[in-house]
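Undergrad: What follows is a single structure, and I will ask about it in a moment.
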């Protein structure tokens, strides 16, 4: 199916990644979580572009490892005893009366430790999914696909995103310049003396960029009235808020499904309204808008399938991690749904900057 | 096409105008070259064409600038985007998107052109500027020459009738500069675009110019005239013009080809003086320890090899030039000599010690590097504070840096902000800061970028004085004329490997790309610079 190299619509990648993330959030079964991370990593390796943001997946994995470590250390230090087999005991601290209910140290039991680890892994897996979307979907193509009404906000975000790697480069350069002056490049002082010139440089760069954008005609076609622009912007923000709350509901089983569904439907309706208003104002044209065709449908629907599988099987005990050190149960439906999600590694087109060389 | 009527531009906070009472008329289809010393207002003049001055920069513009019938007073830059395309000095700073094709289309998207038109124009520009191999590449991964061509393409897709470029070749190696200039030639000849470009490297562009706009600076009147007329008297001139003035040729040659056709009598006169070449380089004491000893050094960034098995030595009194394409590893080599990059193998000894293990005063008293952008070294808000800091860093007596600075650039006011200095003054300040610690080895990365001929000749003097005083100087540069003037030895890097190492005469003469203009004019005789010829003629008379 993958023919000519082209960019997959970034929204398809996000739908796919969020589907995997829903799966990860609904389980503490290490087997399922491992599959989610493996699938995300495989697809990223197969389809990430050769740009700076394409390399961000690794950072998210590192962040995930830190999350696991911090979660476990804090959990052991402050956790409550759960009963079960005691693995080892930490010296416990007798806390004064006013701190009743807070415990420090003491027994560490097998179920408690395992649940801490699995909980950490779950967070790390969700991070891995977000990281996958981040490195697969280009921020500037996401901007291209955003509706015209959000364009100006989008430009600010994308400019900020492209500046981040440049700022890192500037900081490196100025740190080496400090070395050339025979000064210390490490420590707080080293950092502080570099921070101000780096910020100055970033400001100067943004001025240059603004001048370049102005002389290339940016803002020329935006003959939209302020009132209309504000209406569109406000509707979109409200829709995003509803969508966020709705999505949060999908991740948390305590929120009733009806509330969640109504929020999501509401947000979709609001987005539609904003689209209609925005499309009346002719703002700017788009060169090669990313199409939404078979590979996009496939990718997004696998994500959706994964999310549905997760929601429907969340209650089953197979989705819970084991409480003793034993082989976890194998929830077949979920594993199959995750396995589907690895298919975009073959079914999507290769990104152009990796395709032709 | 472009008309300046009694234009005076004054920036906020300054008393004297940058440009005073300029009257210019640039015709359709012309290639106009803007020349003048650094800081004389060339960029201001260019930006006035599309209204960035004063709409974006602030300040006041009196008089009228009319472009294709539109007055810039009533048309902000975005309303002129379909008439004027502006390529900024650093193309990277003007890129809005991440990929070549998107960048080419950006301007058209802003103008609201139909997608089918955009597709067609992108293809046309890709063919016209020779970009098909890089159309899918990320902008950050391109070389300097490719970036410049993409930047030109990105403004050309909106079909402007005027193209404005600010120093399009100054950061490029000779080969990449040729590519860019060839692309510009095509635009002028095939599409009839009016081109206005500012450039310091006149030896590269002057032969293409129809007319020259001379901006002398300090509010002196702006002149416009045919290239040959202006070049007869201009304060800045490329070597071929200087040679023509020296030999009294009429008409004055602007290209190597013109000069060569006139050169036979001069070659005849010079034949008897043939062997009186300036002896370059101090006699080398082979027993003394090397000042710099680099042995089979390799450096890699990730999987990419930046330096591959580089071996080079430098002795006191030598001026070594490192040449090579953009990205050949010149800056990496200089960085390795001060311990900025991790070597994957090999050793570097500077005065017998490894710079990677040194820090603070120990390092800067042995080796100093002036980076590509000298302002990286400067962090204080006045020249005076910077000099004071530098004395403290170098553990030198108070006033050392200021004294060195006065000898390099007497006209710098100590109360100025380093940012407000001219390009040449900033370089002098950075060099003074480095020299305060008295390092026997001085490294300079691309020192003549953005320098006019006068500032350049001052730099040449300073480097010669350093070498005569027993310092060794290593400079990475694209500037063949500078190398011809000052270097005693040249190494050429290609993809991180040394492909040539020898005396200046041997290395740059052997290369059609690196040979300086005087050499090309007078070959097969071996003259590198106008100064050499002048000296020899003096001897003959």
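Note that Cβ sites are derived from N, Cα and C of the backbone, with glycine treated the same way.
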Undergrad: Out of A:30-47, A:84-101, which range is noted as transmembrane segment by TrEMBL?
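TA: Range annotated as transmembrane segment by TrEMBL: A:30-47.
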Undergrad: Would the transmembrane segment (A:257-277) and the transmembrane segment (A:231-251) count as touching if the test is at least 3 Cβ pairs under 8 Å, pairs 6 or more apart?
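TA: Answer yes: the transmembrane segment (A:257-277) meets the transmembrane segment (A:231-251) with 3 or more Cβ pairs below 8 Å.
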Undergrad: Counting Cβ pairs under 8 Å to the transmembrane segment (A:30-47), which of A:7-24, A:231-251, A:330-347 comes out on top?
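TA: Stretch with the highest Cβ contact count: A:330-347.
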Undergrad: Rank A:7-24, A:59-80, A:330-347 by Cβ pairs under 8 Å to the transmembrane segment (A:231-251) and hand me the top one.
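TA: Looking at each of A:7-24, A:59-80, A:330-347 in turn, the most contacts to the transmembrane segment (A:231-251) are made by A:7-24.
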